[in-house]
Amino acid sequence: MTVAVLGAGKIGEALLSGLLDAGYDAGDLLFTERHPERAAELTDRYGVKGVEVAEAATRADVLVVAVKPQDIEPLLDELADLIGPGSLVVSMCAGLPTSLFERRLPAGTPVIRVMPNTPMLVGAAMSAVSPGKHATDEQLQIVERLLSSVGKVVVLPESQQDAVTALSGSGPAYFFYLVEAMIDAGILLGLPRAVAQQLIVQAAVGAGKMLDEGGEHPVMLRENVTSPGGTTINGIRELEKHGVRAALLDAIESARDRSVELGKAHEE
Ligand SMILES: NC(=O)C1=CN([C@@H]2O[C@H](COP(=O)(O)OP(=O)(O)OC[C@H]3O[C@@H](n4cnc5c(N)ncnc54)[C@H](O)[C@@H]3O)[C@@H](O)[C@H]2O)C=CC1
Ligand SMILES: O=C(O)[C@@H]1CCC=N1
């Protein structure tokens, strides 16, 4: 099976790199990229061939669209004339509904909407997959298998994709932001930056592992750290005082709203 990534930016590279790490042959992967220097960089790094959209559309079984939602229109115009009956289109674009692709591509083109995240780069993606109206169960399984090689996969109704985008699509950025702020806290307390970074990154990795492997609820895990009369509860009081929980609710709701808005921009 040949997979072509259309638009080899951050998420496109994460997919190519993740698939290669998972054992895919570089010869079975293609990408298109409008910036030649970026294309050359990726070919050097991964040995994957950069091609024109026409070649990708003819050779690939799966076309993964990974351009910014704002850049989708010219690509759809190009693809509309190139896509053959055997092509499966997978969109990773935030906010864009499968109906947009179905409307603009040749009638009956199977489309599957996916929201992945950048941990795909290290084989730890969370991808949510929603089939469009022409995608078959077999095509859904092909995409599930592909994405399982670079992380975890859930199949969800498309109506949940804007929420997913805000939660797991953008989620890594919020964790990175927290880690960044906690490193600053280490600096505030006089620790060398490298030490603060090592301490917090390992705390994050350890907490992530416990959440993933231990099967315990996050409330329980937090309570286990929060000793009566101890240090952690003082910190929790400050987080509550500053409304951090409400800030996260607002942040994720706002990201969801932006996803909806990105989709609306392409409505007829
Ligand atoms: N970065 C992230 O964490 C995630 C991004 N996404 C989605 O993935 C898509 C790409 O996002 P990023 O990789 O962050 O953006 P990016 O800007 O890093 O990558 C997009 C790439 O597409 C190229 N491009 C644009 N139009 C093109 C065309 N017609 N032909 C060939 N190449 C073209 C650009 O030059 C750029 O390198 C977006 O739709 C975004 O919503 C989804 C999940 C997570
Ligand atoms: O910020 C964005 O629009 C993309 C979608 C999810 C993560 N990054």
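Here the Cβ of each residue, glycine as well, is placed from N, Cα and C on the backbone.
These figures come from a predicted structure and were not determined experimentally.
Feature annotation from TrEMBL assigns domain 'Pyrroline-5-carboxylate reductase catalytic N-terminal' to 2-95.
Marked as NADP(+) binding site by TrEMBL: A66, V67, K68, P69. In this view, V67 (NADP(+) binding site) is surrounded by 24 other Cβ atoms within 10 Å of its Cβ, with every protein chain counted.
Marked as domain 'Pyrroline-5-carboxylate reductase dimerisation' by TrEMBL: 158-262.
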Non-site residues, in chain order, whose CB comes within 8 A of the mean position of the CB atoms of A66, V67, K68, P69 at NADP(+): G7, G9, V65, Q70, D71, I72, M92, C93, A94
Secondary structure tally of the domain 'Pyrroline-5-carboxylate reductase dimerisation' (158-262) (DSSP, helix then strand then coil): 88 helix, 0 strand, 17 coil
